[in-house]
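*Asks:* One structure follows; several queries about it will come next.
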C-alpha cells in the first residue's frame, strides 16, 4: 500500500516501483459499496471482462450511464459524457466510508495481499534550541546590529556564544503502533508540535536533535520520512486565490494520487487466477483512481466529501484581504491537503481549531476507520477534544514541559494518575483533566487524598513515576528488543523523494501558475494599462516633430528616449517582488513536505509569464518606435523589440531572484532598489564609461543595463538616419553620438548585448531556483525567553521547586521552540476561582441589546450564478430575533456556515458590505453605531494586533484611548494590572506580541490578549467571536473564567463558540442556537447540567435521547444537523417558531425594546473618549515603539543608506570639484539625480508593507472607536520624521564630503534640506499609495508608474527647455523636478567659474536647465509642500477608504 490516503480513508498512491508490488490499498478510500443486484446484461459484460488479459482488464470497467445503459469503458480514455457519469456515480463513496473500507479490505484479503504498516519508535529523543535571554532577545535596532556582529564573531571563534540552551524535548521515548489511534495532549509549550515534527522527519534546521527515531526498525537516513509520513500543520497556509477543490487537487497531483497501477495489476492477476469477481463499484473506483486523466479528480472529490468540504469546493480559500471560506473550513482544507500524501503514518497538529465538536468527531472517526481497517499509524494533537472524540482514540501521549508523562493505552491513563494521588472528577472530561493535572495552578483540585497534605508534584516526578508504572515498564521492555526489519513490508517506507514524475510535477505547477495568473489578472491588466499610459507619455514627450537627427545634442535626447524605454521595461518587472514573496510561505511549506522540487516551481513562474513580457514589449515598441522617430527600418524595429523582450525577462528574473533571496517584503524592496541603483549608475548613461572610477569598472562590465544600453544605442545610431556628417567632423553623426556617451560604436555590440542579457536571464532564474532550493523562510524563528522562565524550565527538568516571584516575563516563539510558560504563569499570584468583581471596579452602565427580524444578504456570487441560480442576492440571515441582557452570558452556537459570526458582525456594526434589514435597539433606544462603539467591545476571531509592541503596551494603548478622559493615569494603570491578572497575562506583560504563526505570543496567549484589549475599555456589551478557538482545555478554562468574571460584574457578554467541553458549555447562562442557512432553532436557558436544553430537544419527536455523560453541546449539534433533519423529517426552525419558548422570547424582545422609565438615550459630549491631541500622542507613542522594534525596516534602511552613501561617494569621487566642461556638470547632476531617485524609491517601497500591516490593525481599532483616522495618520507620518532626519544626516554628510561639493555652510545645509524633504515626500507618497489601494501589491504596481513618470520629467533625461510645450505643465507638478532644481541651483546656481569654452557655469545652468538662483526659496517651499500634500492625502485616504470587506 502506498498511501496516507488509505490511512485517512482518503487515498493512497502506490508507486510504480518493484518494491510496491505487494502493496495494496491505495484506492481504498474512495469507493462506495453498492448492493444493487446485477441484471443479466451486467453479468454478461462481466463474463466478457474476466476473459481479458490482466493488462486490459485493469483498464476496463462496466459503467452505468445516467439513462440506465450499461457501457463497457476504458477508464484511461473516457469521453466527456462518460467522465461525468463516472464522477457522478462515485460521488456517493464518501457517504459510506467504513463500509467501503471494509469491502476493500475484504477484497485484498481474499487474494492474500498484505497491506503495509508502520511502527514508529523514538528513543532518548532530545530537542534543544538556542535563545537570547531577557531583553537582549527583543528585536530592537541595537539588538539586531549587536546580534549580527556577535554572530560573525562567533563564527570566527573570536567570542563565545552568549545564547542559552533551551530544552524543548527532554529524553522522551515511546512506541506508536499501527492499527491504533494515538491522541497527543499537553499544555501550551509542552513540546507537542516539536515532537510531531521530529517524528515526521521535518524538524526546523535551527534546532539540535539527538536520540533515535525509527520506522519499522529503519533509521531516517534509510528512507524518505517526509513521504513515508504526513505532517498536518496547525497553521493554515494556502494560496488564497485558489478554490478549495483546486488546492486539494494540486496536492493530489503532486503527492502521487492515482499511481495505484501496481496494486490494480496484482489484484486483477490474482482475482483472475482464483476466478474471483470483485464488487463492481469498488472495482470501477479503483480503476478510475489508478488510471486515466480523472484519477486526481476522483480522489479529490472523495476527500472533500469525507471532510464536509464539498459544499464549498468551488469557493476560493481567501486570505486577510480576500474574502473566502471560513476559518473552520480552512482548517479542514489544511487537513485535506495532507491526507492525500503517500505516507503510511499521520502526524496531525491541532486539526480541530475552528471546528464544532460534531465536525471534529466526524473527521476523527473517518481517520479512525481507516487506521483500524487498513492498518495506518496516526498521532493527532487536539486542543479540546470532547469526551466522545476522546473515546475514539486507542492510545494517549501526555507531554508536559518537554517530558513524556504518559504514553500508552487510553484505558490505563486514569489508573496511572490515581496511582500518584490524582483523580478525575465525575463530570470532568478526561482530556481536560489530563491537560490540567500537571499544571501548578490547576493540580491541587484533583488531589484525591484529602486526609494527606497536598504538595505540588513537578513534571519530572510524574515522568519518573510513569517509568515505574506497568505501562511504562512494558514500553521500556519492548524498546529493548529491536524491531525486526524483515517484518517491514517493502511498500511501507518510501525511498523515492517525490510522489510523481518530474513531468507530472512540472505540469501541476504550470497549471497552477496559469490559474493564479488568471485570478490575479487585475494586476497584469493594470500593469499593461499603466505601460500603455507611459507609452503615450513617452511618445508625446519625445515626439519626432520636436526631435531632429542633426546634432550631437539632439542625439543625446534620442539616447535619453532609449534609456527611458529600457528603464520602463526594467521597472515593469518590479511588481514580481511582491507577487513572488506573497507566495513564498506556501512554497516553503510545500517544498519541505516534498510536494515538488524547487525547479518545477520556479520554471513555470518564468516560462508562463513570457507571453506577458511579449505583450508589454509589443505595447512599448510598436507604439513608440515610429512616433518618436527612431530609424525607420523594419529590421531595426524588430531588433529593438527583441532586445527589450530579453531585457524584460532579465528584469523579471532579477526581481524574482531578489525576492527569493530576501524572503521578506521590506528587505526585498530595499535590495531591489539597491540592485537597480548599481545597474543604473554603472550602466553608462548616468555616468559614462570614461568617467567610471577604475575601482568600479568591474561593476560597469557586469551591469545588465550596460549591455542593454550599448545594444539598443548601436541598433539606433548605426542606422541610416544617423549615417550623415555634420560640419567639423568626418565621422558619421551616429558614431559621434555613441562616442560622446562612451558607447562602443561597433555593430557587433548589439548581439553581444542580446547574448549577455540572455545569459543574465538564465543566471537570475538559476539563482532564484538555488535560493528556493536551499534557503529557509526569512523568519527562522529565534526564540527568546526571560531569565525567570529559563530557571523554571530548568527546575522542571531537575524536579526542583522554586518560589514564586513577583513578576515573570516571557518572550517566546511557540512555533519553533515550544517554550513553556505554563509554570511561569503559575508562579504568579494565583487568580481565585471568582475574583471577578476585582479589577472591574470602574463604573459603567449595564445595557441590553435586542434585535428583531434581522436579515442580511450579499450580492449573489458569480460562481453560484454560473450554476444557473437567478436570484440577485444570497440571504445569509433569515429573520433572526433575540435579546442579550446584562449579567447573562450567552453562547451563540451552530455548525460551520450557520451564520454565527455574520450575526455578531451585524449586531456589532462591523459589516462593511451587504444589505441589512431589521431593528436593533440598545436598552430600548435605536442603535446608533457612533455611540454604540463607545460602550461595546468586539473580540475578533482573528487576533489582530500590532506585532512590535509588548502585551502591556497593547493594553495601555487601548485603555488610554478608550477609557473616559477623566480617569487619571494611576487609576488607568491599576485597572490594566487588574485586567492582566484577570486573564492571567501578568507574567507575559513584557512579551512582544509578534506575528501569528511566525513569532511572539502563542495562539492561546494571543487570544487572551484580544480579550484583555477589549476588557480594559470597560465596555457594557462585549461580543466575542470564538474566544476559545485554538486553545487547549486549560487555556480555554482560563479564558472562560475571565469571561465569567466579566459577566458577573453586570456586563452583557455574547460568545460564539466551537466544540466546548461540558464545563465550558455549562458555564453559559443562555444559548442562541442557529442552523445552516441563518435561522435560529433554540433561544433560551441552558439550565443546571443543561437540563432546559435537553428537555426542549428530547420533547421533539424523532430526536434521540442523550447518553449518560455525553457532552450536551455535542449531542445538540448532532441531533439538529441537516442530515438528521432529513432523516427525521423535522424542521427545527419551524418547531422553534411554533413553541412557547419563541413566544416568551418575542415578549421579552417587546419589553426590552421600550426604554425604561426615566432613562435616556446613549449620548456622549464628544465622538471619542480622548481629545484630538491625546489621540495623536497615543498613536505616536505606539508607532515609536513599533518602529524601534522593527529592524527589517529601520535597521535595514540605515544599513542600506550607509552602503549607498559609500557607493555614491566612491563612484562619484571628487566630481563636485571638477568644472572643466559640461560633462563634469552632468556627472555632478547625475549623482544628485541618482541619489534622489533611488533613495526616494527605496524609502517609498520599503514603507509600504509596514503601513499595510498596521492598516489591518487600524481597521480593528477604528471600528472600536479608539481614535479618528487623522491622529493615526499623523502618528504614522510623525514617527518617520526623526528616522528620515538620521537617514539624511548619514547620507548627506558622507556623500557631500566624498563627492567634494563646495564646503560652505549655506550649500551644505541646502543639500541636507532638500535630501530630507525629498526622502520625506517619497516616504509619505508610499504611505499614500497604500492608503488609496486595497493591497500592498496594487500599491507597488501603481507606484512603479509614478516613479517612471517622475523620472522622465525630473529634468535629467530631458531638460525642461526641451520638453514639448504641451507637457511642460507636468514638469511643475513633478516633485523630483523641484528637488533637482533646488539641488543644482543651490550648488551651482551662483558659481561664476567658466567652462573650457568660456561659458560661465551659472549662465549655463540658467540657459540649459532653466534654473534661476533667485527662485531657490520658492523651490524650497514647493519641496516642503509636496511632503505635506502626500501626508495629507494619506490621512484623507485612511479616513475615506475601507478596503476590508466583511
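Quick reminder: no glycine exception, Cβ is built from N, Cα and C everywhere.
Taken from Swiss-Prot, the feature domain 'ABC transporter 1' covers 153-426. What Swiss-Prot lists as ATP 1 binding site is 186, 187, 188, 189, 190, 191, 192, 193. Swiss-Prot lists 504-717 with the feature domain 'ABC transmembrane type-2 1', giving sequence analysis as the kind of evidence. According to Swiss-Prot, the feature transmembrane segment maps to 523-543, 555-575, 610-630, 641-661, 666-686, 752-772, 1195-1215, 1281-1301, 1308-1328, 1338-1358, 1363-1383, 1415-1435 (among others). Here Swiss-Prot flags 849-1101 as domain 'ABC transporter 2', drawing on sequence analysis. Annotation source Swiss-Prot lists ATP 2 binding site at 894, 895, 896, 897, 898, 899, 900, 901, citing sequence analysis. Swiss-Prot lists 1174-1388 with the feature domain 'ABC transmembrane type-2 2', giving sequence analysis as the kind of evidence.
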*Asks:* Tell me, how many other CB atoms lie within 10 A of the CB of residue 894 (ATP 2 binding site), whichever protein chain they belong to?
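*Replies:* Taking all protein chains shown, residue 894 (ATP 2 binding site) has 25 Cβ neighbours within 10 Å.
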*Asks:* Quick check on the binding-site residues: of 190, 895, 898, whose CB has the lowest count of neighbouring CB atoms inside 10 Å?
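*Replies:* Sparsest of the binding-site residues 190, 895, 898 by Cβ contacts within 10 Å: 895.
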*Asks:* Note down the number of other Cβ atoms within 10 Å of the Cβ of residue 897 (ATP 2 binding site), including every protein chain shown.
*Replies:* 21
*Asks:* List the Cα distance (Å, whole number) between residue 190 (ATP 1 binding site) and residue 900 (ATP 2 binding site).
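*Replies:* Cα to Cα, residue 190 (ATP 1 binding site) and residue 900 (ATP 2 binding site) are separated by 32 Å.
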*Asks:* Mind checking which of 187, 188 has the fewest other CB atoms within 10 A of its CB? They're the binding-site residues.
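*Replies:* Candidates: the binding-site residues 187, 188. Fewest Cβ atoms within 10 Å: 188.
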*Asks:* Can you figure out which of 186, 189, 191 (the binding-site residues) comes closest in space to residue 895 (ATP 2 binding site), comparing Cα atoms?
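*Replies:* Comparing Cα positions, the candidate nearest residue 895 (ATP 2 binding site) turns out to be 186.
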*Asks:* Just the number: how many Å between the Cα atoms of residue 189 (ATP 1 binding site) and residue 896 (ATP 2 binding site)?
*Replies:* 29
*Asks:* Could you round the CA separation between residue 900 (ATP 2 binding site) and residue 191 (ATP 1 binding site) to a whole angstrom and send it over?
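*Replies:* Cα of residue 900 (ATP 2 binding site) to Cα of residue 191 (ATP 1 binding site) measures 33 Å after rounding.
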*Asks:* At the Cα level, what's the spacing in Å between residue 898 (ATP 2 binding site) and residue 186 (ATP 1 binding site), rounded?
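*Replies:* That separation, Cα to Cα, works out to 31 Å.
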*Asks:* Measure the Cβ-based neighbour count of residue 192 (ATP 1 binding site), defined as the other Cβ atoms within 10 Å of its Cβ.
*Replies:* 27
*Asks:* Just counting, how many other CB atoms are there within 10 A of the CB of residue 186 (ATP 1 binding site)?
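*Replies:* Counting Cβ neighbours of residue 186 (ATP 1 binding site) within 10 Å gives 28.
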*Asks:* Roughly how many Å lie between the Cα atoms of residue 193 (ATP 1 binding site) and residue 896 (ATP 2 binding site), rounded to a whole value?
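*Replies:* Cα of residue 193 (ATP 1 binding site) to Cα of residue 896 (ATP 2 binding site) measures 26 Å after rounding.
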*Asks:* Would you list the other residues of this chain near ATP 2 - those whose C-beta lies within 8 angstroms of the C-beta centroid of 894, 895, 896, 897, 898, 899, 900, 901 - in sequence order?
*Replies:* 326, 902, 1074, 1076
*Asks:* Mind checking which residues reach the transmembrane segment (610-630)? Cβ under 8 Å, same chain, six or more beyond either end.
*Replies:* 517, 524, 527-528, 531-532, 535-536, 538-539, 542-544, 547, 549, 558, 561, 565, 568-569, 572, 636-637, 640-641, 644-645, 648-649, 652, 716, 719, 721
*Asks:* Say we define neighbours as other CB atoms within 10 Å of the CB. Which of the binding-site residues 193, 896, 901 has the fewest?
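*Replies:* Lowest Cβ count within 10 Å among the binding-site residues (193, 896, 901) is 901.
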*Asks:* Name the range, of those listed as 153-426, 504-717, 849-1101, that has the largest tally of Cβ pairs under 8 Å with the domain 'ABC transmembrane type-2 2' (1174-1388).
*Replies:* 504-717
*Asks:* When you put residue 896 (ATP 2 binding site) at the centre and draw a 10 Å sphere around its Cα, which of the binding-site residues 187, 188, 192 have their Cα inside it?
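*Replies:* Among 187, 188, 192, not one has a Cα sitting within 10 Å of that of residue 896 (ATP 2 binding site).
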